[in-house]
Amino acid sequence: MSASLNYKSFSKEQQTMDNLEKQLICPICLEMFTKPVVILPCQHNLCRKCASDIFQASNPYLPTRGGTTVASGGRFRCPSCRHEVVLDRHGIYGLQRNLLVENIIDIYKQESTRPEKKSDQPRCEEHEEERINIYCLNCEVPTCSLCKIFGAHKDCQVAPLTHVFQRQKSELSDGIAVLVGSNDRVQGMISQLEDTCKTIEECCKKQKQELCEKFDYLYGILEERKNEMSQAITRTQGEKLEHVRALIKKYSDHLENVSKLVESGIQFMDEPEMAVFLQNAKTLLQKISEASKAFQMEKIEHGYENMNHFTVNLNREEKIIREIDFYREEEEEEEEGEGEGEGEEEGGGDREGERQGEEEVTFEEVEHVLTEPSEEDESLEKALEPSQLASEVQDAPETLVSSPEPLPALPLAADAPVTQAQR
């Protein structure tokens, strides 16, 4: 039992040393740290030489002298966590040394070179006095010679412990070499994927910018069209208001002139001298008669103020805008190719016949128009004959010339303005 405990304690101590050795491996050279050891801002450690190599690889444009970077400043990424390390003017030599790790390396080397005690050598659990010196190939466990002769492994195949040790150690070394080689490929893949991420971000940013520019262009067209249509409404509004205000001014001037004429008539009626009254009465009566016959009221058409003809229907445009999507060139080329192929096969011979038919119909229609006058043209020619027109004017003059209804109670002065309707 004591031999078993000694073996377990030895195995545990060996496992602790192995774990410690893994923590002291440089991620660049995959060997134990070589002093001096520098600590990065992200708290990971590197050999100074390895840090200088990776810095030079990340900044190939910096000059070197004797394998050492002479330029100050620069930056590189930590190989463990990809954190960006920014150097000051001292370069790699500006990074602090990790003295704690250097002391642990010294202690580890001292413990590794210390000779093992004989009592610590593993022994068989069933035969405590026998050392483990052979390896059972069937059970794949180390054992002693007595177990092969008398014990549980007497029917198994065995091999010397040194042969199996060398073989498995060689396999382990080859496996480690494969893992180390794969690290470079994985690191290259990581860098490639990071570049892909940057490319995706740049492409998306570019496409978003182009999309915004095209929509801004559409906004500009809509704004321009809106201004044009607003100006059309404004022009129509100005024309109608100008016409109505002209009528208001016309009727206001008429009222003012009539008021003056009535006032002068009332004053003239108070004239005591009959001779003076009779001298001016004829002129005043003539003015009142002319004003009554000449003035007519111009009415505004029904619905003149209505602006419904400026109503905009954007249902079709709204549907088109809602169907805006990204351009797929390959799909459209395939659809166009299929459509053109079917159209050429099916309608190739029918188009010529249709064109010939259209030409024939067109010529027939033209001949019909040139040779056969319409009934409206004949009636118009008859209506324009001079003798018939003169007789109609003499027989029914009232039906052709209509005089406006005069205003009997509102006579107009002789100097009243004549509007376009009166002309």
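Each Cβ is built from the backbone N, Cα and C atoms, and glycine gets one as well.
TrEMBL does not curate its annotations; it predicts them automatically.
Annotation comment: TrEMBL describes 328-347 as compositional bias 'Acidic residues'. Among the features that TrEMBL reports, compositional bias 'Basic and acidic residues' is placed at 348-358. According to TrEMBL, the domain 'RING-type' annotation covers 26-82. Residues annotated as domain 'B box-type' in TrEMBL: 119-161. Under the heading domain 'COS', TrEMBL lists 269-327. As annotated by TrEMBL, region 'Disordered' applies to 327-423.
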Taken over the domain 'RING-type' (26-82), the model's mean pLDDT: 76
Secondary structure composition of the domain 'COS' (269-327) [DSSP: H/G/I, E/B, coil]: 33 helix, 0 strand, 26 coil
Helix, strand and coil totals (DSSP H, G, I; E, B; other) for the domain 'B box-type' (119-161): 8 helix, 11 strand, 24 coil
